[in-house]
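Undergrad: From Swiss-Prot, for reference:
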type	residues	note
DOMAIN	31-222	domain 'RNase H type-2'
BINDING	ASP37, GLU38, ASP130	divalent metal cation binding site
Amino acid sequence: MRRSTSNGAVVVPATQDGLFHDSPFPIPDSRLIAGVDEAGRGPLAGPVAVAAVVFDPGKPRINGLDDSKQLTAERREQLYARIVDRALAWSVVLIDSEEIDRINIYQATMLGMRRAVEGVAHVAGFARIDGNRVPKGLPCPAEALIGGDALDRAIMAASIVAKVTRDRLMHELHTRHPEYRFDQHKGYSTPVHLAALQTHGPCPQHRRSFAPVRLALQGREGLEPDPGTRDLEQLQVGQLVAPL
């Protein structure tokens, strides 16, 4: 079934399918490999995005692909347009902050990967996933590739699709919650974002299971953090400064 939006910037809860972009080829081919990657695992706000891309061997090779984190926003947008035009099939799934809080970020990422692969399984006979874990319940054989977003072209493409989709959404969320400046940091734990959290408290897009958000919420409610978790929470703040 074809499911799409005009701009791709829609939060898709984990209980729903992702955004599926079909091709005219209905039979999976074991020679066609889906590259899978995520964006937004570490931010304090917004969804985690997972994309899967299967290249069309009959279309020209896309030059300039790389890990999305190594590209400028302008370059990512340019490559995104080429990827979705030349891909045999692609899908992107967004798991929202509420679902992340309910099942945790690791499980949300695994679920997003499974749904993204499901979106291209009518074409791809194999999935190659960035990282060191293969989600359970995939519709085709798969392997994990550590550092795959710098090694495999399909994974590079998936990282770009996931990143661009998520960044577009964060710009949209900025118009709803301008006080947090989601357009600048995309939900990551920057000084500007942390200061806004302290001033305004969390909005519905914040991940309350993440320590800095939980601390801000507790502070506004006049609650003391659990003393045994202070060191862990400080460690998590440091880990979340850089995009994952």
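First residue shown is number 1, and so on along the chain.
Each Cβ is built from the backbone N, Cα and C atoms, and glycine gets one as well.
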Undergrad: Starting from the divalent metal cation site formed by ASP37, GLU38, ASP130, give every other residue of that chain whose CB sits within 8 Å of the mean position of their CB atoms, in sequence order.
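TA: Filtered neighbour residues, in order: VAL36, ALA39, VAL50, ALA51, MET113, ILE129, GLY131, GLY148, ASP149, ILE155, ALA158, SER159, ALA162.
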Undergrad: Do you know which of the binding-site residues ASP37, GLU38, ASP130 has the most other C-beta atoms within 10 angstroms of its C-beta?
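TA: The largest 10 Å Cβ neighbour count belongs to ASP37.
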Undergrad: Given the model, what does the mean pLDDT over the domain 'RNase H type-2' (31-222) come out as?
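TA: Residues in the domain 'RNase H type-2' (31-222) carry a mean pLDDT of 95 in this prediction.
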Undergrad: Work out the three-state DSSP category of ASP37 (divalent metal cation binding site).
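TA: Its secondary structure by DSSP: strand.
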